[in-house]
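TrEMBL annotations:
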- Arg90, Arg134, Ile135, Gly136, Thr137: phosphate binding site (BINDING)
- Gln213, Arg215: substrate binding site (BINDING)
- 50-298: domain 'Nucleoside phosphorylase' (DOMAIN)
Amino acid sequence: TSLRFAAERRGEIPVCVRNPHLDALKDDVLYHFGLGTGTHNLPAMFGDVKFVCVGGSPQRMKSFIEYIAAELKMEDPTSEYPNICEGTDRYDMYKVGPVLSVSHGMGVPSIAIMLHELIKLLHYARCTDVTIIRIGTSGGIGLEPGTVVVTKQAMDATFKPKFEQVILGKTVVRNTDLDQSLAEELLHCSKELKQFDTVIGNTMCTMDFYEGQARLDGAFCFYNEKDKQDYLRKVSEAGICNIEMEASVFAAMCKLSGVRAAVVCVTLLDRLKGDQLSSSHDVLHSYQQRPQMLVSCYIKKTFRNL
């Protein structure tokens, strides 16, 4: 707490943890990262971090760190970047300069575990003025495939802007607001790039890829095409532009920690027209580059002003 107040007096915003029990720990083992306060000098390793980009795929997050290194002209883009979490097989983590790139797996439980340990890591490293951005893929609602969606508000599958979690047998509801000024800055970067369409809109976060997203092609399905279209129409009427599986808990946890946060996902298909991906591998790969390009543009502009 004293570190937080000292940082705030200097005009810096620290990363908050809200757990008094952490003060009683002699060493805190960040088990799923293979790191710890007693085994690693976290301030020396991570104290300069200002930007954290997270995404589901380990390979995608490695390619992102290679891409941003070249964009920032900070290191040889052909060099190998070691996986900082090589001591575990749960998540991958890469770093270049002030940028940290971390994989989070698929779905709310996986990203929630990662975020608990990431937020503690940033706190122990005494990082300040951190921005965390999730980059990923999604299913669009009435958008052309390849459109990038910057999330305005993360919603659940009943179209409510909240994240619910059962803690000690009781349902706890948390706010899913994201930083709107950051969303606007990212949209402005897209306009500067002029390479693909970008919109700001609501994102629906579901607990499942198949039934939870009204697909007809899972192992189980007890509804028909009309039921699906009726539901997706309501999704669209709620101002939802895309569907994925991590935004709500990401928004809730970033808000609790006091960091600026955004979700930037490309749409791989229009869910109003189908459930399965029909685009070629090369086309899908090009789509997946778009969030990286947009976020890199933002980091480059911000980095110059640090």
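Cβ atoms are placed via backbone N, Cα and C, with glycine included.
Automatic prediction, not curation, is the source of TrEMBL annotations.
TrEMBL feature annotations superimposed on the structure.
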residue	record	Cβ contacts under 8 Å, 6 or more apart
Arg90	phosphate binding site	His32, Phe33, Gly105, Ile113
Arg134	phosphate binding site	Cys53, Val54, Gly55, His104, Ile111, Glu246, Ala247, Phe250, Ala261, Ala262, Val263, Val264, Cys265
Ile135	phosphate binding site	Cys53, Val54, Gly55, Arg60, Phe64, Val264, Cys265, Pro291, Gln292, Val295
Gly136	phosphate binding site	Gly55, Gly56, Glu244, Glu246, Val263, Val264, Cys265, Val266, Pro291
Thr137	phosphate binding site	Gly56, Glu244, Cys265, Val266, Thr267, Leu268, Tyr287, Gln288
Gln213	substrate binding site	Gly139, Thr206, Ile243, Arg271
Arg215	substrate binding site	Phe209, Cys221, Lys228, Asp275
